[in-house]
Amino acid sequence: MNRLQLFSKGLRLIHKMSEEALAGVPLVHISPEGIFKYVLINVIDGGDASKAVVRGFDDCTWHADIFDREEEVFKKLGLRAECPGGGRIEHNPEKKYLKVYGYSQGFGKADHAQTKRILATKYPDYTIETSDEGY
């Protein structure tokens, strides 16, 4: 095997590993209840593959705190992350209710309709509302 073949084989292996890492990233990771900030994150592997995920934590004061925390997780998996926007989530598990609204001062407003679709994959039996009102 020549150097070019070895290099190509190595690249294919790295690409396969990053695709597997991307496939293993959960679509949703949010606090179990309460009102908290969230961010929509585009997670990107070493190639062209990507997926949008929702992250929201009640222990983070700023949207950037959420993104920074998750970006570190993705970097360890060999993935990149971009944040197109954020907002807030109201999560009431007793009522099986989620409300997605508001915006991030730092990242702008996330696509709440996209966020709703992603949340529905984890919470299919919930009522999920969106609103462009509020902060």
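Using the three backbone atoms N, Cα and C, a Cβ is placed for every residue, glycine included.
Taken from Swiss-Prot, the feature substrate binding site applies to Lys37, Ser104, Gln105, Gly106, supported by similarity to another entry. Marked as active site, proton acceptor by Swiss-Prot on the basis of similarity to another entry: His63.
This view paints the features noted in Swiss-Prot onto the structure.
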residue : record                       : DSSP class
Lys37   : substrate binding site       : strand
His63   : active site, proton acceptor : helix
Ser104  : substrate binding site       : strand
His63 (active site, proton acceptor) and Gln105 (substrate binding site), distance between Cα atoms, whole Å: 8
Those residues of the chain, 6+ apart, with a Cβ under 8 Å from that of Ser104 (substrate binding site): Lys37, Val39, His63, Gly85, Gly86, Gly87, Ala110
C-beta crowding around Gln105 (substrate binding site), within 10 angstroms: 11
Sorted by sequence, non-Lys37, Ser104, Gln105, Gly106 residues with Cβ within 8 Å of centre, substrate: Val39, Trp62, His63, Ala64, Gly86, Tyr103, Phe107
Same chain, 6+ residues apart, C-beta under 8 Å of the C-beta of Gly106 (substrate binding site), given in sequence order: Trp62, His63, Ala64, Gly86
Annotated substrate contacts Lys37, Ser104, Gln105, Gly106, maximal Cα-Cα distance (Å, integer): 12
Site with most surrounding Cβ atoms, counting all protein chains shown within 10 Å, from the recorded positions Lys37, His63: His63
